[in-house]
Amino acid sequence: MKVLLIGGGAREHAIAMALKKNELVELYTLMKNKNPGIYALSEEVSFNSETDVPAIKEFAEKIKPEIAVIGPESPLGVGAADLLEEMGIPTVGPKKLPAQIETSKEFMRNLFKKYEIDGSLKYAAFNEYGNEIESFIDEMTSLGKDVVVKPAGLTGGKGVKVVGEQLKDNDEAKIYAKEVFDKSIGGGKIIIEEKLVGVEFTLHGFVDGENITFMPAVQDHPHAYNNDEGPITGGMGSYSCPNHGLPFISEDMLDRAEKIMEKTVNSINLEVGPYKGFLYGQFMLTADGPKIIEYNARFGDPEAMNLLPILKTDFLDVCFAIAEGKLDKMNIEFENKATVCKYVVPNGYPIDPVKNKELAVAEKAIEDAGAILFYASINEENGKLYITGSRSAAVVGISENIEEAEKIAQKAIENFKGEVYYRSDIGTLDLIKKRIERVKKLAK
């Protein structure tokens, strides 16, 4: 069974591992750098940019896969799924138009407005800097609301800036908004939204064009440093719980979040056609219930590393059900286990990361700790590993409870030597208690 995988990060390493649990799978991967974890699982690798559509076509024509799985967002944005579907290859990953739920923040917000989907917020989109932006921000200030400045296109999770975190106040938000246009960050178009106050969580679904099957809820940690301090990153780690919920969210609130995602899928279908693939909703649990921060048209990274290792159902079967519109005929199960994922990242990440420095990884010690190792933005050359400037590698601890899973992950994360750092507090009971207390305060 030939499977084409596009992408070379830790998320794709998790996808590759999950696929290879089926002994029939022969994996063929197109990726930019030599990720040693994915390379070891692949029959053949094409080293090309994941947005190089002619290279994707050439590789697919050569290997003739029976199904394709697209990992990152960038190939979705250039129509990789459209190409593969046109070639007659069942594909897991939305086509270019449905993928706008991630690639165009304006499309996402307009969809919520048009179809009156719950969980929306006050926002405005702008094509240039001028009086309109300043007036909108001034209006938000008069309402007592801080703002979030979001480049409208893809920025790898690092273009968003929030007042009270990366920005001092709404006046500084104006300065950053001008910078987005001056530097054409994320395509040189922006969304300015009201800042949501609450606790973040993520919810994933398998989507087959009509049906959505939900996965366990996960909490990501986007801030670079312990205690949720520092700049926003692509995600420093995450955890999930044995009951598939989270300690600070009720079943009712989780159900409301699921209904928001269900209506989103239906609205995408009505607006631009069927959505097939993985859908990731990033939510803020506020005093008014769950609100959507943004959607991703693929697995979250790091969340894929929490979810896929505890998937009991054959992942290849799930992929075919997505591609063929048959999710309603499947009973998809996850183990009732806790997971904790922690990332090592280059010193200086995400602002000014060191690059092309050697990273020593004690793989045996990580295995002995009981953790799973996932390679991310790593390049292997002549038997040595080099960091490339983005997140380097992740470890995942899995156990009956969060406390034990965190201990496994922490023991494992100490087995990297190089110019890297990590957050030691992810999955700890102290940090989780802070989340619970924050939600209690919201309810008052």
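These residue numbers are counts, starting from 1, taken along the chain as shown.
Even glycines carry a Cβ here, placed using N, Cα and C.
Lifted from Swiss-Prot, the feature list:
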| type | residues | note |
| --- | --- | --- |
| BINDING | 140-202 | ATP binding site |
| BINDING | GLN282, GLU294 | Mn(2+) 1 binding site |
| BINDING | GLN282, GLU294 | Mg(2+) 1 binding site |
| BINDING | GLU294, ASN296 | Mg(2+) 2 binding site |
| BINDING | GLU294, ASN296 | Mn(2+) 2 binding site |
| DOMAIN | 109-324 | domain 'ATP-grasp' |
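All features noted in Swiss-Prot, drawn onto the structure.
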residue	record	DSSP class
MET140	ATP binding site	helix
VAL148	ATP binding site	strand
GLY164	ATP binding site	coil
GLU172	ATP binding site	helix
VAL180	ATP binding site	helix
GLY188	ATP binding site	coil
LEU196	ATP binding site	coil
GLN282	Mn(2+) 1 binding site	strand
GLU294	Mn(2+) 1 binding site	strand
In the chain carrying MET140 (ATP binding site), residues 6 or more apart in sequence that have Cβ under 8 angstroms from it: LYS122, ASP146, VAL147, ASN170, ILE192, GLU194
Fewest other C-beta atoms within 10 angstroms, as judged across GLU172, GLU294, which are the binding-site residues: GLU172
From VAL148, GLY164, GLU172, VAL180, GLY188, LEU196, the binding-site residues whose CA lies within 10 Å of that of ASN296 (Mg(2+) 2 binding site): none
Other CB atoms within 10 A, centred on GLY188 (ATP binding site): 16
Residue among the binding-site residues GLN282, ASN296 whose Cβ has the most other Cβ atoms within 10 Å: ASN296
For the domain 'ATP-grasp' (109-324), mean pLDDT (0 to 100): 94
